[in-house]
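Take a look at the structure below.
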């Protein structure tokens with residue numbers, strides 16, 4: 001089994017902020033998204049690209065999965081963003097304003113024309129009404145070998161802005177859309193990350209929402225402030241109790257007398273092989289989290 005890359009905590013870092021870029025090297029987040037899009041004013045786009053080129057050239061980001069969010073396909077900044085991103089050697093590119101699967105195919109053609117060697121993996125923002133409507137088509141296009149779709153990122157701020165849907169009240173009016181994206185992502189075996197919590201000074205509010213993210217089945221949460229990293233990591237890390245239960249299930253099915261059993265009795269509970277699959281996935285995820293913590297720079 002291939003160990004899944006943990007993406008519990010995915011921190012946005014504005015590419016204009018050189019101090020934040022350097023600080024991010026030492027943060028315990030699983031992934032960093034260096035932002036060339038929303039966090040960068042139009043007049044600063046070129047400087048932001050130069051900052052990233054210099055940062056990656058000076059020292060690789062070996063302790064994190066690195067992602068660069070470019071500007072949208074239709075913008076005048078896209079081509080320059082793509083060239084810099086390819087030269088940086090980031091692990092993935094985050095494409096915003098994806099509306100349909102055709103956008104992924106256009107992106108794949110563009111990166112394929114300039115990449116030397118394997119192209120970076122693709123992450124796609126789900127942040128428009130069209131992307132919610134066409135989520136199956138986006139994921140289908142992502143299955144094509146040349147596209148290399150690896151992760152979906154929900155953009156709740158943009159989604160609420162475009163639709164006018166009220167994002168408060170525990171996101172009650174957004175939940176049907178969010179769950180439709182999670183369900184589709186699970187069907188295609190693609191990671192999906194929840195949107196950001198804007199009020200980073202409100203720790204209780206963040207804790208509530210990140211727990212909601214876990215319970216909804218997201219693989220991680222996108223973040224806007226370093227103070228959110230540790231609680232996100234904790235929320236998306238299997239608890240000691242869940243780990244012990246998973247280990248007990250795996251051990252029980254490993255006994256010779258249960259080799260062919262579809263259902264077993266484990267301490268008075270009926271446990272099926274579907275529970276074994278869940279337990280195995282949980283332990284694999286925990287192994288990946290532990291391996292992430294052992295990488296250089298941590």
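Residue positions begin at 1 at the first shown residue.
In case you wondered, yes, glycine gets a Cβ from its N, Cα and C as well.
Quick look at what TrEMBL annotates:
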type: BINDING; residues: 69, 127; note: substrate binding site
type: BINDING; residues: 127, 158; note: Mg(2+) binding site
type: DOMAIN; residues: 8-226; note: domain 'HpcH/HpaI aldolase/citrate lyase'
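Looking at residue 127 (substrate binding site) and residue 158 (Mg(2+) binding site), their Cα atoms lie 6 Å from each other. Other Cβ atoms within 10 Å of the Cβ of residue 158 (Mg(2+) binding site) number 18 in total over all chains. Here the CA atom of residue 69 (substrate binding site) lies 15 Å from the CA atom of residue 158 (Mg(2+) binding site). For residue 127 (substrate binding site), the number of other Cβ atoms no farther than 10 Å from its own Cβ, over all displayed protein chains, is 24.
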